[in-house]
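Student: Structure incoming, see below.
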């Protein structure tokens, strides 16, 4: 009897659904923990390392907050939202720092089930919410960006807008004071957590205003909700925002009759004018330029040089095909189609769900802006599928028993989740760095000072700063080609040029932090160098850096290290592109070749490589299509650490070299095809061959995974 009473209590049923969905989401994310724990190379400091490159930026910020300080201009994320939350969790919980950053996403991202279930409950459809929560919490795109070890702001980047959507729908349906104050609260939290959400928040508030004008134009509480929400978009300090919002909320709650539509109109107009004057549209324009129109601001800033745009090389902002798009959102194409149909049906039944359109549309921008956006559509489409399944059950109940209907729904849910389970099983993401790489960088921390710089590619900027506690020129947050030009140049040009550019770029970068806002150092460091060295032709200036008699007039203020990891060989052609571009035209008109490969097959005296090259078994030539190309030399590398290699000359007039790596830390880089330009690059000569000028560099860390050189000039 007591059991039946519990089952009849809607709040207990709702609570049980939330707990079950949350536990389900967490357990699914623990699969990666179980799998990764089998590999010792994924551990550092007795804990699994994280799998998110950007996560190291927030980890560095949290580490510095725990220490209580950081170096000026070190690009630390000190005080950022995720770093701050991590700091407080470290202070109030008994867990280690490494454990906190590993598991935060596991537990926080699973909170998405709460607003989904609560939202469906507003429509008196608990089954819709429960099924949607199960699907949304582990759908491919959402799982990939919130799995265990994915330490990033993505862990709440969908949770918070779903709470905003829930309170908007609740406001429409109930018109209650709780929703009125909760709505701006969650918008404010979302903006603090993820400042790039500004555009989405504007879209949500704008649509809410339009909805109000169409369906509730005579109800004052909706206009007050728009005003309070809009105030969170302002650039004033949060405590001023909070004070104004609380005062206006209290005035409305206590003096509704005196706040007539004229006063509300004046308040609304004043709020709008204030937002425009405070630069409220600037964040929207930036997001559109970078992700949709793919513009690189560096060309505008420099008014001269046209650099390579880094967002063209990031997988997250590449366009995706429609099948992949559907799978990422709903786990499979068929579930996506059912979800889309269900969402349209849901809109027809409950017009307030139109408030979900900005979130859904942002996810659909993945077709143009890249796969990273698909995560936004996941919960909205899941609600559509949940609604469809709840309607299907209603039809079944009319024809069959309750038991039969429940069995059918359970079976359909399992079938829906099956592709997602397969994806979770197959998606075995490695940690950002291996244990050896992390240990090497931790060793560098004991060699370098906090004010010293490490010159390396931007992919490694955040981890290098976290493990070595140094400064870097670039990192995952620098998306302008003008920043990445310098490390690209230092790694892909000859040693002399690399040494000179490393010193110049670091010293000029430091000077730029203290330059006036209108100084050329703020807009383009390369142009500032040319100005100081009385050079007007960029090609001549860059060529002069290769000359031994080039004199650096800039005073040396700190030590500089070059970090050259083995893994960079997989992307070195991309790395080099940033400095081989024609700075006058923005066109990559200086062709070069650097291509890693592994053997696929051997037949008829030929070795078929993974990059499409067919290599003769005597290594004297290779074929690309029908073209046969001679090889200059074969370089057999027996030990990268010891610098043991053998060069076999073949044709001194040929332009290409074949590297055969017998000692490789990268499993998919057994062969490297490169031309003379790349062969003479600092990365190839110093890392693979161990050839470096002792007057320019000292080798301070040496392994087959990575080498670190200290600049002596």
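Keep in mind that glycine also has a Cβ here, set from the backbone N, Cα and C atoms.
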Student: If I go by Swiss-Prot, the feature transmembrane segment sits on one of 261-278, 279-296, 297-314. Which?
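Tutor: The range carrying the transmembrane segment annotation in Swiss-Prot is 261-278.
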Student: Membrane side check (same topological domain name in Swiss-Prot): residue 371 and residue 638?
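Tutor: Residue 638 and residue 371, as annotated in Swiss-Prot, occupy the same side of the membrane (identical topological domain).
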Student: Pick from 68-84, 238-254, 442-458: which stretch is listed in Swiss-Prot under transmembrane segment?
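Tutor: Result: 238-254 is the stretch Swiss-Prot calls transmembrane segment.
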Student: From the ranges 568-575, 576-583, 584-591, 592-599, grab the one Swiss-Prot calls motif 'MI motif'.
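Tutor: It is 568-575 that Swiss-Prot annotates as motif 'MI motif'.
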Student: For which of 144, 534 does Swiss-Prot record the feature N-linked glycosylation site?
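Tutor: Checked Swiss-Prot: the N-linked glycosylation site annotation sits on 534.
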Student: Which recorded positions (145, 328, 534, 571) fall within 10 Å of residue 152 (Mn(2+) binding site) by Cα distance?
Tutor: 145
Student: For the transmembrane segment (97-122), give me same-chain residues lying six or more residues beyond its boundaries with a C-beta closer than 8 angstroms to one of its C-beta atoms, as numbers and ranges.
Tutor: 14, 17-18, 21-22, 25-26, 29-30, 33, 44-50, 55, 58-59, 62-63, 66, 85-86, 89-90, 128-130, 132-134, 136-137, 142, 146-152, 154-156, 158-159, 162-163, 165-166, 169-170, 173-174, 379, 382-383, 386-387
Student: About how far apart, in whole Å, are the alpha carbons (Cα) of residue 534 (N-linked glycosylation site) and residue 54 (Mn(2+) binding site)?
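Tutor: Distance between the two Cα atoms comes out at 39 Å.
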Student: Using Cβ atoms only, state whether the transmembrane segment (353-369) and the transmembrane segment (221-233) have three or more pairs under 8 Å that are 6 or more apart in sequence.
Tutor: no
Student: Mind looking up the mean pLDDT for the topological domain 'Periplasmic' (428-713) in the predicted model?
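Tutor: A mean pLDDT of 94 is what the model gives the topological domain 'Periplasmic' (428-713).
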Student: Using residue 571 (site 'Interacts with target acceptor peptide in protein substrate') as the reference point, find which of the recorded positions 54, 145, 328 has the shortest Cα-to-Cα distance to it.
Tutor: 54
